[in-house]
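Record features (TrEMBL):
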- B:76-97: transmembrane segment (TRANSMEM)
- B:117-138: transmembrane segment (TRANSMEM)
- B:268-287: transmembrane segment (TRANSMEM)
- B:320-340: transmembrane segment (TRANSMEM)
- B:360-381: transmembrane segment (TRANSMEM)
- B:443-476: transmembrane segment (TRANSMEM)
- B:528-549: transmembrane segment (TRANSMEM)
- B:692-752: domain 'CBS' (DOMAIN)
There are 2 protein chains.
Amino acid sequence: MEDDEEAQLSAASPLREPLLRRSAPNNTSQVAIVGAKLCPIESLDYEIIENDFFKPEWDWRSQGKFEMFQYISMKWTLCFLVGLFAGLVGFFNNLAVENIAGYKFVITSNMMLARSFGRAFGVFAVSNFALTLFSSLITDFISPTAAGSGIPEVKAYLNGVDAPGIFSFRTLLVKIIGNIAAVSSSLYVGKAGPMVHTGACIAALLGQGGSKKYGLTWRWLRFFKNDKDRRDLVTCGSASGISAAFRSPVGGVLFALEEMASWWRSALLWRTFFTTAVVAIVLRALIDVCKSGKCGLFGKGGLIMFDVTSEDSAYHISDVPVVLILGVIGGILGSFYNFVLDKVLRLYNLINEKGRAHKIILACSISIFTSCLLFGLPWFASCRPCPPDASEACPTIGRSGNYKKYQCPPGHYNDLASLFFNTNDDAIKNLFSKNTDDEFHHFSILLFFITSYFLGILSYGIVAPVGLFVPVIVAGASYGRYVGILLGSHTSLNHGLFAVLGSASLLGGSMRMTVSLCVILLELTNNLLLLPLIMLVLLLSKTVADTFNGNIYDIIMKRKGFPYLEAHEEPYMRQLTVSDVVRGPLQFFNGIEKVCDIVHVLQTTGHNGFPVIDEAVSDAPVLFGLVLRSHLIVLLRKKAFLHTPVATGIRAFRHFSADDFAKRGSGKSQRIEDIEISEEEMEMFMDLHPFANTSPYTVVETMSLAKALKLFRETGLRHLLVVPKTSCRSPVVGILTRHDFMPEHILGLHPSLKKSKWKRLRFRVPEFLKLFKAFQISSGGVLV
Amino acid sequence: MEDDEEAQLSAASPLREPLLRRSAPNNTSQVAIVGAKLCPIESLDYEIIENDFFKPEWDWRSQGKFEMFQYISMKWTLCFLVGLFAGLVGFFNNLAVENIAGYKFVITSNMMLARSFGRAFGVFAVSNFALTLFSSLITDFISPTAAGSGIPEVKAYLNGVDAPGIFSFRTLLVKIIGNIAAVSSSLYVGKAGPMVHTGACIAALLGQGGSKKYGLTWRWLRFFKNDKDRRDLVTCGSASGISAAFRSPVGGVLFALEEMASWWRSALLWRTFFTTAVVAIVLRALIDVCKSGKCGLFGKGGLIMFDVTSEDSAYHISDVPVVLILGVIGGILGSFYNFVLDKVLRLYNLINEKGRAHKIILACSISIFTSCLLFGLPWFASCRPCPPDASEACPTIGRSGNYKKYQCPPGHYNDLASLFFNTNDDAIKNLFSKNTDDEFHHFSILLFFITSYFLGILSYGIVAPVGLFVPVIVAGASYGRYVGILLGSHTSLNHGLFAVLGSASLLGGSMRMTVSLCVILLELTNNLLLLPLIMLVLLLSKTVADTFNGNIYDIIMKRKGFPYLEAHEEPYMRQLTVSDVVRGPLQFFNGIEKVCDIVHVLQTTGHNGFPVIDEAVSDAPVLFGLVLRSHLIVLLRKKAFLHTPVATGIRAFRHFSADDFAKRGSGKSQRIEDIEISEEEMEMFMDLHPFANTSPYTVVETMSLAKALKLFRETGLRHLLVVPKTSCRSPVVGILTRHDFMPEHILGLHPSLKKSKWKRLRFRVPEFLKLFKAFQISSGGVLV
């Protein structure tokens, strides 16, 4: 093979030349769309750095029990604070939405009662427009990073991809306020995703602590200035977000485990659980406070559990087939949701790229379109007479309630208005409620399903902090109800239960989670008896949907360009060795290197890790270790230079404290361009030995990519050194980074793999039939 | 240092000499107590083996989509079958226990009604004795491996420790039948642990498939003949066990995740969830069948959910302090439980070692002792008049029910007999039941608590398949009730709720799980509103108990001698390099090796992996790969010998199929002693190149042990090669295995570490006070 010859050649060439083959740039980009902004991204590094300098000083674990006590108590205090703040934010979010949206509906409903429909529409549309405009303006001007749900960004962070600003304070503020405005503006958007990002933000900010002026905080927080502890905190934060959004503590833990985290330990389970327990208790206490009626319109609406408990929610084995069909169709609808959303996002990206004005106009047009639909569609529904045995006033006069009067004559209600002309939370509650089988006409439910399904898709991509959970639940609930109505007397299940199962199926088909969604739905509906049915629906809809496309968050993450590292390898990675993908030119340093050489390399390359190679006394050079760009920059900034090229040993540490090398918070790293070095200094030397990681993980060049990926992913590396098979050549032949494992990069290098049979199994319909045939033939053959 | 000098010396010596230093044997033992039997144990190997032979043939993933379809459908089918069988076994277990124990209580109760107390005691004690004797006899004679709960064995397996026979068919049978007999014999033992082992057994047996005669099954199962897929199946099996025991599907998944599994992927979550969903549906269907009354005494008792739902289970923030105290004391009680159990197990081990008769006598004495207590203690309780508004017949005439008449006059009941003279499930139900605050006298509850607490401890170590969950729940429930009674009117919570929280606290203090116990208890009581309280209690009791000692299963595992590999390193591992612990003599082979040399090495050492080293054309030898003992034995058995020492290349594969190298089921590996090789063959050669793993993971000798542990643990290795820092010495200096990471081994090599400050943080009371003082001083210092 040509490649191997080149490798041999380069191995024989003198060491100062780039050690590696092709110098083509990496095929995957180092930027991604974060929120609504194009940002450079970086990998995080979870490797334990071992060298003479860090060992005694950084390794606080060796400093005795008091440090360990500090660390442990700080860890738990931070978790407590994350839970506390996430609970407070979750409550505040609900309070604000319930009051803003509530007063809007009260005012317009009163106008409707006075039969001034035009004015009602005016007020409704204008307030929605203003809220959406406000939300998109603050997002775009203050923190474009806050746009969208934030779950893809947090998930990528937990996978080891860092983007500047995702956890900044302004992102947090915009996320909270923008989401309140967007949800209050009657758009079909959710609050769960933004709450996850909010929780993660709170956690990251708390872990960073204040600035240096708060001595106390800062000293105790020194243990958290590394990627690993920050990752653990962010995991707890994302769990607390979900538990605050749905008041679902166990569901939050499971969500973080199933969907968000790429690395998980049992200890983390316990800490995450503690965080969500705090959230649950904070919410409970605040709701107790609100029971006295001091919270405005809050109380009946948001944050309550949907009550599907009823005697008739019993079910039997005979109900299972119906549930199976519901799950299968829900899976198809869910994967279609993902498919369309992907197309819409691609279109929106094109619009958003054109500039600020386009983004804002897009958001506002969606708002106007939504207002028109919400106000206009109920007119198509015929008025229904109030049921004589209604459990509540009919028609409802206040804000919430099942029976909206809308344009109907007295004693009648408009069933479509009960769904459209309401907050999403209330619409879900209406759909989930028991003993309301006759409340809705099948045409109304169908119309509502179609509208909410597509409005949810259209509303997601706008420049505002908006989530996906609630719209999917709304659409799913109406789908489930519709199935219930269609089946009529053929089933004994009530329609509220159908709505819950419908939501489960659409969520499963779109988000592809199982255990966490199941528990979230159980905690929402407070009915454990539904468990086996919900499990079944989720499993089916996920299985069906998985044959068509991927998880919605993975699709969005791919569209945004995050280099997400999957836990499992692509089949073709077993056919390639690491030397097939590693590419150069490999830059390295000698143990004692000239300052100008280091500066030159840092300025001309974007690499973040460099092997340090010692020309040993014997003939063969030796790999001493790996030095990081960030550490080199610290050394340059501190001007730790030598006049003569001799090893410094212990003297080198004099100028440094451990904190100099501590990893700064997200996106705060220093750049080489900011450092000024004089001509004279350029000619001096630096001893890299004390600062290089002396025991980097290595793999042999003949290892398959799949096996190297396992090491890279499981131990959370940023750089993986590739060493040659035969020991007396150059001691290192390349460095693998996250991008080298990206399928796009590999398929770019080896285009022939694209057409190969070694691709992930994802059936399209004709393939499935072919396989089924093959299966028949095979088993037939064996049986004969 | 002396060590380094030795290493230098050995490196300079000719290659055929052992490469490494000390030849002292490994300090940790290669045997462990499995069940009640001393067995040799082996490590499992999850490394991807890459060599010329396995690559094309074994790697079925490269064989196209049909194989992949086979694999995936087989995977799900197996999960379905595991769930189905676990559900059936769980149901059968309950049915049998309810009927055997039920008829026993019916007969004795009838005798009590006829006031022939002596005969009643006779029947009671003899039937208990016979059942215990039967259980311990079949355990000891047929499968001693089945003794105990089995959770430690399964947990060790999932951590990579294999013991022969833990998943054999006879173990399965004994586990099921022995557990039914033991539980029915009124011992204070549980069924959850044995169910977990049963589930794991079913999974492992299904994965192994039938013998070769069932062609179809066998061919499709070929993908599962490796440690990794077997591990996944066993994980699903253990989850299905818990979900069958408690009818708690989500709790089962979380239990497997939190307590059992050492490696976890999100894909596994989904599959485990599917398995437990099947269990839940099977149980539901069977219970539907039993509703018609065809299942004897089954129906009112076991497998029902404990009903703690009631209007008055509401609680407020003001109830929290009480709950906190409950949690703290529960934590102390739980850790004391572990402490005493450990001592008792040590004693029992001494007794059991003395031979079969001693084991049986021990089990029978416990049974007689238990019978005496259960029958005798209720006589100390005073008879209480039946409440006028009792919701059920008082005194109860049948088997279950809250009001046992026992020796009391008509119109009265014996509250202690309602607890003692009942199955454990019914006792729990009585304790958990609502609106029974006045049913029990505080003296009765205290007596019951003390008795059940210590009977649970005494009953665990006998030679029978018995679990720990139920006795802990019983003791915890009575503890909680007692606290409730003591508080009297100072709290608004009802005593049933106190019982639930008491169980939670004792479980948390003993088993140290959080999320999974929380969900199991929620699913048992079917009351989601308890969630925040249960969370709080569990977190507190676990935290408190963790300061004293470890998790009960870890204690038992340590007592049994399993080399369990923790995910986190001990602090002193950061101070040691891998060359400080790796020890020799290192045995290796040349690429082409003489048969007699191989046979000699295999016979004289117990190693399971050997480096293959090529004397290259250049001066330095090259590490070619790692060859496994099991593969060498296959090669020897197949007599793949060469007359001349030349490389065979592709010809070597002619004699072999992939299945020859497939890993056999648990404990079925072949031994070198079974292979006969003639004198002539001994002089021939073997080419090891095609069969050695060419890309083993390696670490440099200067890496810290902590960092090497991370690689070893995360990627699930059995052998980790240590390579020298300088490249031109011998290419490998040692092999790290599981035992090299065991604290006992390391502390044996470096006794000075024992007294060092670098030990895990576990407070004893005086230390805690010292720390608290240090904390005060420090924060004071900062604040001033």
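Note that the numbers count up from 1, one per residue, in the order the chain is shown.
From the backbone N, Cα and C atoms, a Cβ is placed for every residue, glycine too.
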Structural state census, the domain 'CBS' (B:692-752) (DSSP three-state): 23 helix, 12 strand, 26 coil
Closest-packing stretch to the transmembrane segment (B:360-381), where packing means Cβ pairs under 8 Å, from B:76-97, B:117-138, B:268-287, B:443-476, B:528-549: B:117-138
Segment-segment contact (the transmembrane segment (B:117-138); the transmembrane segment (B:320-340)) at 3 or more Cβ pairs under 8 Å: no
Stretch among B:76-97, B:268-287, B:320-340, B:528-549 sharing the most Cβ pairs under 8 Å with the transmembrane segment (B:443-476): B:320-340
Other parts of the chain folded back onto the transmembrane segment (B:76-97), taken as Cβ under 8 Å at six or more residues beyond its ends: 176, 179-180, 183-184, 191, 195, 198-199, 202-203, 206-207, 224, 233, 236-237, 240-241, 243-245, 271, 274-283, 286-287, 290, 295-296, 298, 301-303, 423
Mean of pLDDT values spanning the domain 'CBS' (B:692-752): 87
